[in-house]
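I have a structure I would like to understand better, so I am pasting it below and will then ask my questions one at a time.
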Amino acid sequence: MKLRHFLIFLMLIPISSSICFDLKTLQCWPMEIQEMALMLTARNTARYDCSGKSKSEWYETGQKRLGWGIYYISSGLFFQLIGWPVIWVFITKFSMTNALKVYRIMVFIGLIEITEIWGNSVFPGFVAVFGEVYCTSPILMTIVGKMTMVQWVLGSSSAAFLGFHRLCDMIQKLEWLVNTNTKTGLWLTVLFFYACYGSIFFDTVLFNSDYMAPLLDPMIGKQGIIYSNNFLYFHNIIVATTLILVYACLCTLWSSREMNTSSLHVSKFQRSILLQSICISLTYAIPAISFVTMFVLPIPKWFFHVSDITYQLSGGLPFIMYICLNKRVREEFLHLLRVCRKAEKSQVAVIPLGNSTVSAFNN
């Protein structure tokens, strides 16, 4: 009887005509997704309207910086050159089980960083060379902005999780949170969806050649429009604070407790992992702090570029740190270089001489 009355009540409720159920219609999606879809098709919106100037006029609002462009592109390609071999060494030469399963997270972060370099180093280099702004290439700017935001949020939160993972390993009562690969994978999956949410439903960052930094404001000259990203603001605060606190706790625990091992080699190994983790965390903590500073303090124009340099280096410095701090990575990396050089020298040069050929080995 109660169920029948409830159904009658639902039937009598007037359905608002504003409710939209057709997911094929863009207007039925949230406003944030509608705006992103229009930006990805280079269509003007109320907040991202490029109709006020021609493309050549928009180029005049940017600034060509050949020197910085060369730096960004060359450093990005250099990071790619050393980054992929380091990741290859981790994947093929390290047994990522038991004590070494922390390397799974390092490889995950490394894959984020090596792909992020294209968006935070190589692409800004071309933007600097040609003096690009949002309205000169709205589609590309939006795609790169959304992608780099996902990569930054995912990479920095994964770095915080790396510290949390090490802390759980040292505090045995918390080890159950991360003691299986399934649990670790679940944590990283949650962080991935968290990063995608922040990128889709909040204002994106758009690289500007005048400021040489990613900005929320597209610099289209519209008055009274507010561009903000509270998600990114609080994320950077939380990540910076978490990284500092977690690794401070790790260092305190390391210095105060006795290691439950009689092997000096294992002790050095654990110290090496901790040092590598701290270095990775610093490459994320410093840009996060600088980004927060940009939000809360009036800063000079040059500080935008300095902040972006710290962000740009966060994608490549960890690979240099791995080579310098991890003996096995360094040895395997140098071995790969020797193999490549030996392969080049052993190539056969075929020199045509009349009707015959001579094969020469360049050894």
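Keep in mind that glycine also has a Cβ here, set from the backbone N, Cα and C atoms.
Worth saying up front: this structure is predicted, and the values here are computed from it rather than measured.
The signal peptide feature in Swiss-Prot is assigned to 1-18. Feature annotation from Swiss-Prot assigns transmembrane segment to 70-90, 107-127, 143-163, 187-207, 231-251, 278-298, 303-323; the stated evidence is sequence analysis.
Structural setting of the listed features?
Packing against the transmembrane segment (107-127) from elsewhere in the chain are residues 68-77, 79-80, 83-84, 86-87, 90-91, 96, 140, 144, 147-148, 151-152, 154-155, 158-159, 162, 188, 207, 209, 212, 280, 308, 311-312, 314-316, 318-319: each is 6 or more residues past its ends and has a CB under 8 Å from a CB in it.
Listed as Cβ neighbours of the transmembrane segment (187-207) (distance under 8 Å, sequence separation of 6 or more from its ends, same chain) are residues 30, 32-33, 36, 39, 105, 108, 123-124, 127, 132, 134, 141-142, 144-151, 153-154, 157-158, 161, 178, 213-216, 218, 227-232, 235.
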So what's near the transmembrane segment (278-298) in sequence-distant terms, Cβ-Cβ under 8 Å and 6+ beyond its ends?
106, 109, 155-156, 159-160, 162-163, 232-233, 236-237, 239-240, 243-244, 246-247, 250-251, 304, 306-307, 310-311, 313-314, 317-318, 321, 325
Looking only at residues six or more beyond either end of the transmembrane segment (231-251), which have a C-beta under 8 A from one in the stretch?
149, 153, 156-157, 159-160, 163-164, 166-167, 170, 197-198, 201-202, 205, 274, 277-278, 281-282, 284-285, 288-289, 291-292, 295
